[in-house]
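Trainee: Mind having a look at this structure? Questions to follow.
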Amino acid sequence: MSQYRTFNAADAVEYAQQFGGVDDPSALVSAEEIGDGNLNLVFKIFDNQGRSRVVVKQALPYVRCVGESWPLTLDRARLEAQTLIEHYKHCPQHTVNVTHYDAELAVMVMEDLSSHRIWRSELVKGAYYPQAGRQVGEYLAQTLFHTSDFFLHPHKKKAEVARFINPEMCEITEDLFFNDPFIEHERNKYPAALESLVVSLRSDDALKIAVAGLKHRFFADAEALLHGDVHSGSIFVADGSLKVIDAEFGYFGPIGFDVGSAIGNLLINYCCLPGLLAPREAAEGRERRLSDVQDICNQFASRFLELAKEKTRDVALAYPGYAESFLRKVWRDTLGYCGTELIRRTVGMSHVADFKQIEDETMRIECIRSCITLGRTLILAADHIADVDALIARIRQAG
Ligand code: SR1
Ligand code: MG
């Protein structure tokens, strides 16, 4: 018999007193529910001095932003906690510290990040964190290399793939990224003024074949333990510090999916800045986004190659030149998955603050149009964009 019950603030405080790992549990006195994501309850737990001390997160048995009509597995709390714990082992400086979880209650306790801010909210304001790009690249290289066949013993790797089987959360991604935006679907949501552009996606054979390939690789390429949803709303930043949260979509998939999701959300911001800021600030902000993208890609590739050189355990995979060749496949995937992120955030159901906060409707439509167009270009041209410099040149060319 399951013990699951949905927490209220008092339950969250009591839970934190028991499992929060603080020295003075009786000092924990109140909680505020701060969850603004699509799926879960998130409670900040405060002490009697009004300081927030730990966070208690609970999965609901349905998609929060839709309601009980869309049921969703509670096992995602275990998958999230275990993914974050695994990533923390390999990159503690950039992964939130989960200190306790309970699969039955679908609850976890984690470090309080009140000194940080959500990166997306900062990007929308035009704030710049000069180290963030390199830090994301470092997180991706460390977590993805150490959970890949380059590093893990083949028996361990297969056991890990089984431990992280995540069919229901993967199905959400499979539908929202690779199906909905390319067919007529009731979940899609885009401005009527863009109807002809969206209709043209549905009948673009080359695009649909490329998207089918991306979906197929998302099904089949168990390359590493992905975060699975590493957008700018899953990343906390502070001066010199960056922490990744929210890994309930974690599973073994293609490495380019994580890299593409991360840079995709910076490119979404790039497309939106002309609608969010005055022209001069927008132009400056766009240059910063491009250098963030460059930093992520360069740090990811150089660290991954360094780790491959030092730590690859498999004799065949250690052959000189193989890691470079593998990273060329990852790069092509990165461009494609980045393109699908741009399209699903504009045509599909999961819109983001970057677009929502553009007040001028005409401007918002033009920003959405440029995002869809860039997404389509990246998916179609993925085999012809050799490296990050060529990507930046393409983006500038697109205007
Ligand atoms: C129904 S869940 C919609 C989106 O929210 C999550 O954050 C993921 O990005 C997912 O695709
Ligand atoms: Mg999330």
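Think of each number as a place in line: the chain as shown, counted from 1.
Cβ atoms here come from the backbone N, Cα and C positions, even for glycine.
Dumping what TrEMBL says about this protein:
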| type | residues | note |
| --- | --- | --- |
| DOMAIN | 32-263 | domain 'Aminoglycoside phosphotransferase' |
| BINDING | Asn40, Lys57, Glu111, Asp112, Leu113, Asp246, Ala247, Glu248 | ATP binding site |
| BINDING | Asp229, Arg344 | substrate binding site |
Trainee: Running a distance check here. Ligand 2 versus the binding-site residues Asn40, Lys57, Leu113: which have CB less than 6 Å from one of its atoms?
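Mentor: Passing the 6 Å Cβ check against ligand 2: none.
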Trainee: Based on the record's binding annotation for ATP (Asn40, Lys57, Glu111, Asp112, Leu113, Asp246, Ala247, Glu248), what whole-number value in Å is the widest Cα to Cα distance?
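Mentor: Largest pairwise Cα separation, rounded: 18 Å.
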Trainee: Return the members of Asn40, Asp112, Leu113, Asp229, Ala247, Arg344 (the binding-site residues) with CB less than 6 angstroms from at least one atom of ligand 1, or none.
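Mentor: From Asn40, Asp112, Leu113, Asp229, Ala247, Arg344, counting a Cβ under 6 Å from ligand 1 as near, the near ones are Asp229.
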Trainee: DSSP three-state call for Arg344 (substrate binding site): helix, strand or coil?
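Mentor: The three-state answer is helix.
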Trainee: Among the binding-site residues Asp229, Glu248, which residue has the largest number of other Cβ atoms within 10 Å of its own Cβ?
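Mentor: The most densely surrounded of these binding-site residues is Glu248.
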Trainee: How many neighbouring Cβ atoms, not counting its own, are there within 10 Å of the Cβ of Asp246 (ATP binding site)?
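Mentor: The answer is 24 other Cβ atoms.
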Trainee: To see if you understand the setup: which same-chain residues, six or more apart in sequence, place their Cβ under 8 Å from that of Lys57 (ATP binding site)?
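Mentor: In sequence order, the residues whose Cβ lies under 8 Å from that of Lys57 (ATP binding site) (at least 6 apart) are Gly35, Asn40, Leu41, Val42, Phe43, Ala77, Val107, Met108, Val109, Met110.
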Trainee: Tell me the Cα distance separating Arg344 (substrate binding site) from Glu111 (ATP binding site), rounded to the nearest angstrom.
Mentor: 31
